[in-house]
Amino acid sequence: MRRANRTEVKEFLFQGFSSFQEHQLTLFVVFFALYMLTLAGNVIIVTIIRMDHHLHTPMYFFLSVLSTSETFYSLVIIPRMLSSLVGQNQSISLEGCAAQLFFFLGFAITNCLLLAVMGYDRYVAICNPLRYPILMHRRVCATLASSVCTTGFLLSLVQTVAIFRLPFCSSLIEHFFCDVRPVLDLACATPIINDILTLIISLLAITAPATFLFVSYVLIISTILKIASAEGRKKAFSTCASHLTVVIVHYGCASIAYFKPKSENTRDQDQLVSVTYTVITPLLNPVVYSLRNKEVQDALRRVVGRKSIL
């Protein structure tokens with residue numbers, strides 16, 4: 001994409017939800033309610049896992065890390081989006097946009113990789129239970145979590161630097177936050193290397209862990225089907241159901257957002273997908289793990305009961 005008029009752009013302006021001008025207040029109320037539920041849900045999950053010793057296991061350690069990451073992920077996007085819906089300043093500096101993109105991608109990639117690590121945890125627990133305490137030792141879990149976070153933000157840094165080294169010829173972002181494609185569309189010229197880099201990072205952050213998860217669940221399901229008792233199969237499936245639900249929605253939205261051909265992009269469709277993975281997906285994690293997970297429900301009752309006694 002090339003533009004003839006090249007001027008120094010020092011700030012960007014979000015177009016936001018201008019197509020839904022008459023529904024701005026309704027959108028604000030809905031998004032604000034979902035945001036509050038997301039924050040409350042993730043904080044409750046982290047608190048319960050920390051307070052209840054029954055949940056001091058690798059699976060719930062990774063869940064607490066994921067909930068923390070999802071909380072910060074939401075903080076990067078939603079507060080500014082809410083302020084723009086009530087008529088506040090819709091501009092953002094070049095540096096502010098770069099920072100938003102960096103943290104958004106960092107937490108988004110971290111979440112994708114964390115889900116893959118959680119899948120590995122389920123694979124070891126079900127397919128290799130005798131070695132589970134050794135393979136998923138506390139130190140191993142801490143190393144996996146820190147490695148995932150480091151990898152996520154390193155990939156984000158590479159992508160952000162590559163984008164903001166480009167000259168920009170327009171300042172109107174046809175979106176409600178600084179995402180990869182909307183910002184790249186403002187560049188005076190997008191070198192092929194940027195498109196290749198975006199594809200490589202998408203493959204590393206989405207396709208590779210999704211493939212790993214697919215193989216893991218094929219092995220997990222084949223192992224579960226070999227369990228003799230129906231009760232045993234049901235219990236094994238129940239430990240994976242919550243994680244698998246989150247995985248399908250998370251990777252589904254990410255794949256649509258970053259692998260859809262440019263020619264098929266429309267602003268309203270892009271915004272709908274973006275709302276799903278910035279507002280709905282972070283809420284999905286606490287909802288699924290609280291409503292579908294008996295261990296979390298039991299832990300919540302114990303914590304609440306303990307507080308009422310005190």
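Backbone N, Cα and C define each Cβ position, glycine as well.
Straight from TrEMBL, the features:
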TRANSMEM  25-48  transmembrane segment
DOMAIN    41-289  domain 'G-protein coupled receptors family 1 profile'
TRANSMEM  60-78  transmembrane segment
TRANSMEM  98-120  transmembrane segment
TRANSMEM  140-164  transmembrane segment
TRANSMEM  199-225  transmembrane segment
TRANSMEM  237-259  transmembrane segment
TRANSMEM  271-291  transmembrane segment
Quiz item: Averaged over the domain 'G-protein coupled receptors family 1 profile' (41-289), what pLDDT does the prediction give?
Solution: 87
Quiz item: Under a criterion of three or more Cβ pairs within a distance under 8 Å and sequence separation of at least 6, are the transmembrane segment (237-259) and the transmembrane segment (140-164) in contact?
Solution: no
Self-check item: Close approaches to the transmembrane segment (271-291) from elsewhere in its chain (Cβ under 8 angstroms; 6 or more beyond its ends)
Solution: 17, 19, 31, 34-35, 37-38, 41-42, 44-45, 63, 66-67, 70-71, 73-74, 77-78, 81, 108, 175-177, 179, 242, 245-246, 249-250, 253-254, 256-257, 297, 300
Quiz item: Any residues 6+ beyond the ends of the transmembrane segment (60-78) with a Cβ under 8 Å from its own?
Solution: 31, 35, 38-39, 42-43, 45-46, 49-50, 100, 103-104, 107-108, 110-111, 114-115, 117-118, 121, 138, 141, 144-145, 149, 177, 278-279, 281-282, 285-286, 289, 295
